[in-house]
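Student: OK, TrEMBL features for this one:
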ACT_SITE  His87  active site
ACT_SITE  Asn160  active site
BINDING   Arg84, Arg124, Phe173, Arg370, Tyr374, Arg381  heme binding site
DOMAIN    40-428  domain 'Catalase core'
REGION    424-446  region 'Disordered'
Amino acid sequence: MAQDPRTDDLATARLGNVEVHRGAGGETHQLAGGDVPVLTTQQGIPVSDDQNTLKVGPRGPSLLEDFHFREKMFHFDHERIPERVVHARGFGAHGYYENYDSLADLTAADLFQRAGEKTPAFVRFSTVAGNKGSPDLARDVRGFAVKLYTKQGNWDLVGNNIPIFFIQDAIKFPDLIHAAKQEPDRGFPQAQTAHDNFWDFISLSPEAMNMALWIMSDRTIPRSLRFMEGFGIHTFRLVNAEGKSTYVKFHWKPKLGMQSVVWNEAVKINGADPDFHRRDMWDAIQSGDFPEWELGLQLFDDDFAEKFPFDILDATKIIPEEVIPVRRVGRLVLDRTVDNFFAETEQVAFCTQNVVPGIDFTNDPLLQGRNFSYLDTQLKRLGSPNFTHIPINAPKTEVCNFQQDGHMAMRNPKGRANYEPNSWGGALGGPRESRQGYRSFPAEESGAKRRVRAELFADHYSQARQFFLSQNPVEQTHIKDAFVFELSKVETPAIRARIVSHLLNVDEGLAKQVADGLGLAEMPPAADPARPVLRDLEASPALSILGNGPKSFAGRKVGALVTDGTDHALLKALKEALAAEGAMLELIAPKVGGFTCSAGHRHEAKQKVNGGPSVLYDAVALLPSAEGAALLAKEATAKDFVNDAYAHAKFIAFAPTAKPLLDKAGLTEPDDGFVALTSPADAKRFVEACRAVRFWAREAKVHAV
Ligand code: HDE
């Protein structure tokens, strides 16, 4: 006979107002009582047992009749929705945009009308090529998508951390993405462009050369999502109340300056903490260190567009900031993490077509294509045209129209009228058009209907060259190294050579170094440029990360190796100096349970030494006691900690007692990137040195190949 183990076999006890039942196997489970909510099915039916399926006897078959089990499993089986075809891995946060001054002379957009006005915002950062579970430090473009919930509806500025794109016409996007993602026959590589298909496509698409330089730069391995720029990329229009249009390019400038990691570090971070970027953002917001960017506008008119040597509709080109300065008009602050990752970060749906009155598109053929793709993809991903009813996507203003029904309709109109015009009037009559409603800028268009691109789009190398020449020598070396690394993973020599043939049009020195690094048998001839390369474009210092780094060490993190007996005064001084700078200190000890310092105080450690490699930190401090250093000198991961910090050009503070560890790591002659902490006052000196972020002079010394 069927038996209910709960009633027959279980001992029942009370813990507070919760009844605890002990199962036949000794396991416990709770029955709700008092303030604890009752477990129910999706239909609201209270559940009596969530531990056992309904069976015929304790060893008998399970019954199909068990509706609670079937509903629970059914829901679980359908938990996944299709991941984004690009930008699958992302991390979102809430915040606001605050306008500095009224921009009414430029645009009728409501959010820009009043000084000091705050508009709620949601931002989703992402990588492009990797799947949802891919590591954060892939060499990749970062998405920087901003949804602004304005009083006149949602404006989505769906940007990236690089101001240009690979291709000029949306029709090439599926090809680009197919080539970048895993190869179709083998299903790898994951989240990497270092493979034949990607570089084959690039080598056959000269329009991608400017972007190729950008993605081989350190822009694609940011240290933190907080330390990177964002760009709307395309030329948009601002339109004021009188209907006057001004062209605009949108920029986001990080308050904490730009910073990237080095490639070898990125590779190791991906193993040590694949969630490095999302954890960093989470930690910053949770600790009240709210990330901030300024919104910048580059504004120009038709006269400028006429004179500029490139086409302002070509998304593979920038307008240097030195040519059109960036006017800072407001700030974006992220001050709240999501309550639920799926509901918000996963279900947020950005659409480039979401613009508000006062903001308009241009004919950029990439933007025009995007305006189709984003709406279309949301239907596939979220499964219903009612995705705008999901709270994260719903405007924070009244929505009123006669669109009705469909899957999961949450917003259903009352009354008889579901069409307009109608004669029901009043409340039943429903919405009417408004004079303030969105009006497209009445641009005059003409021309033959053809599949063509404008003439200036054919300049593929001039700005790639300008970008390269705007980098400092350290950055140029990183670009060269990145090309050599990526192309070394390309198995087809002809593809490697084809890329070098393009690089010859960018910078001969770079091309030669890459050819040399690849061991190319012979130098290929330069690719034939469709338009002459403009060799004399002035360098744009704004394009250098190292030239535009942080002004302080704020928001950065030092990892300190500590052991029992670590000098109390040194540790305290370091902690205080970092706190005064707005930087963080993380302690790494032989045991995560903590350590006892020289003053006999017990401190908790954040990491055990093999779980906190130095790649997770911006700079390191070696503070073991003499005995501790002798112990760590025998620990391979402690040696790696020191050696990696050295190889990645990090500033290294060390207590005199750390000598055995430095000796063991082979670092017997400290360079100027080392700061000896002989007294607590030296901690301040170390933090001041760290403002340079890295001791780049060392880098050349640690690479011979
Ligand atoms: Fe996207 N892109 N894209 N893209 N894109 C998507 O929309 C597309 C492009 C960007 O965090 C998709 O909702 C086309 C440029 C970001 O949810 C899809 C073209 C820029 C995100 C799509 C481009 C971007 C996307 C996939 C060439 C920088 C993530 C999922 C014409 C200005 C948004 C989705 C998020 C996502 C299409 C090129 C940025 C398929 C057709 C240029 C940040 O609709």
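For all residues, glycine too, the Cβ spot is worked out from N, Cα and C.
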Student: Give the number of CB atoms, excluding that of Arg370 (heme binding site) itself, located within 10 Å of its CB.
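Tutor: A 10 Å sphere around the Cβ of Arg370 (heme binding site) contains 22 other Cβ atoms.
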Student: Mean pLDDT for the domain 'Catalase core' (40-428), as a whole number?
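Tutor: PLDDT averaged over the stretch: 97.
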Student: Between the Cα atoms of Arg370 (heme binding site) and His87 (active site), find the distance and write it as a whole number of Å.
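Tutor: Between the Cα atoms of Arg370 (heme binding site) and His87 (active site), the distance comes to 14 Å.
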Student: Cα-Cα separation of Arg124 (heme binding site) and His87 (active site), in Å?
Tutor: 10
Student: So, in DSSP terms, is Asn160 (active site) helix, strand, or coil?
Tutor: strand
Student: Do me a favour and check the Cα-Cα span between Asn160 (active site) and Arg84 (heme binding site); whole Å is fine.
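Tutor: Cα-Cα, rounded: 16 Å.
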Student: Does anything in the same chain, at least 6 positions from Phe173 (heme binding site), have a Cβ under 8 Å from its Cβ, and if so what?
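Tutor: Listed in sequence order, they are Ile167, Leu366, Gly369, Ser373.
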Student: Can you check which residues sit near Arg84 (heme binding site), meaning Cβ under 8 Å from its Cβ, same chain, 6 or more apart in sequence, and list them in order?
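Tutor: For Arg84 (heme binding site), the qualifying residues are Gly90, Ser126, Thr377, Arg381.
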Student: Far apart in sequence but close in space: which same-chain residues, 6 or more away, have a Cβ under 8 Å from Tyr374 (heme binding site)?
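Tutor: Val158, Ala349, Phe350, Cys351, Thr352, Gln353 - these are the non-local Cβ neighbours of Tyr374 (heme binding site), listed in sequence order.
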Student: Find, for the listed recorded positions His87, Arg381, the residue with the lowest Cβ contact count at a 10 Å cut-off, counting only other Cβ atoms.
Tutor: Arg381
Student: Where the record says Arg84, Arg124, Phe173, Arg370, Tyr374, Arg381 bind heme, what is the longest distance in Å from one Cα to another among those residues?
Tutor: 21
Student: Within 10 Å of the Cβ of Arg124 (heme binding site), how many other Cβ atoms are there?
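Tutor: A count of 23.
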Student: Does DSSP put Tyr374 (heme binding site) in a helix, in a strand, or in coil?
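Tutor: The residue in question, Tyr374 (heme binding site), is helix (DSSP, three-state).
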